[in-house]
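Marked as transmembrane segment by TrEMBL: 56-88, 109-128, 148-170, 182-202, 208-234, 246-269, 322-344.
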């Protein structure tokens, strides 16, 4: 009887702990509102304006400052752009993880913050290691210590992740099982949103800076013009998740972005610096952007559709083929890209916060500015692999050069035999 009574008490305790673990969202503490980080000089200069116009000027001034800084980094080159992407990724991850930490810190969950940053380190090690192996093969070949890391890169990455996984299991606390698994999922979804997408951004950059600049600039243009049209002409609400978004802003942003993308692409397509793939030169230890531009960036003559001939008065028009692709990029940036912002708005509403952080006055956190960019990065990568990218002889040659001599000789014999069979080489040819 005593043992049965002990078992009943244990069952009751389990049920009570289970009830605590199933607390509703109303029992979860809210995230404290962000503080106003607007510089005092701006506050004093705009003190006489209404809150609406004060926000307008703060957003405008900071937007111009960020755009100017972005152009400066473009001028500094591809490597600085990669560092910028990495910095933005880390900051966005920090903002999202911090929300989870602030909401659930009262539960005193062990190792949550430490494990979150550990997993970020593991995932970045995997993705950037893949990039190094892919684009810096010649550089790696010259350094024996790196050859080991690259050869066993995926095994090392998996071992690092398993270490974090085991640490998470060891950190489980009986009364907080479900909540800890919530936060485990939170961390991994955040990694998917930030690290994976930033990796795709860098992959796009290696295809040519134009594939990096046009999509990002299109999203920025759509964000700015939609805000301007909505501010001055907005009357019809667009979506409940974002009450300030209007149909007028959405439509005005769409047409403005398409026109901007077409014109911006025209200017970028004229310069090798923007259109050539970014490659690492192991002799100079620098990134180079020199090449013979592909057909996408060579001026061609197109026939104007009969319906437009009557309006424009032109039968033909000269343009770069890439400008046609800019329509697809701009259309996605203005029609589908905003859904990344709507998703972020829903996320913030779920935790009753206005912004992810207060990093940028008038704008919120870094994630508030880049919520649409991550969705755009995935689309551009899929678009390039589906419609643009073909076999890359330069990339294939780099991979061949890191093979063993006997493996290179085997590839040579196989390729020679194939070319002879196709009649491209004469059977008697030696070499």
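Glycine too: its Cβ is placed from the backbone N, Cα and C atoms.
Small disclaimer: the values here were computed from a predicted structure and weren't measured.
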**Fill in**
Top stretch by Cβ pairs under 8 Å to the transmembrane segment (182-202) (candidates 109-128, 148-170, 208-234, 246-269) is 109-128
**Prompt:** Can you find at least 3 Cβ pairs under 8 Å between the transmembrane segment (208-234) and the transmembrane segment (109-128), where each pair is 6 or more residues apart in sequence?
**Reply:** no
**Request:** Quickly jot the same-chain residues contacting the transmembrane segment (246-269) by Cβ under 8 Å, restricted to those at least six beyond its ends, or write none.
**Result:** 209-210, 213-214, 217-218, 221-223, 225-231, 233-238, 275, 296-297, 319-320, 322-323, 325-327, 329-331, 333-335, 338
**Asked** Among the recorded stretches 56-88, 109-128, 322-344, which has the greatest number of Cβ pairs closer than 8 Å to the transmembrane segment (148-170)?
**Response** 109-128
**Message:** Cβ under 8 Å, sequence separation of at least 6 from the ends of the transmembrane segment (109-128): give me the contacting residues as numbers and ranges.
**Reply:** 86, 89-90, 93, 97, 100-101, 153-154, 156-157, 160-161, 164, 167-168, 171, 173, 176, 179-180, 183, 187-188, 190-191, 195-196, 199
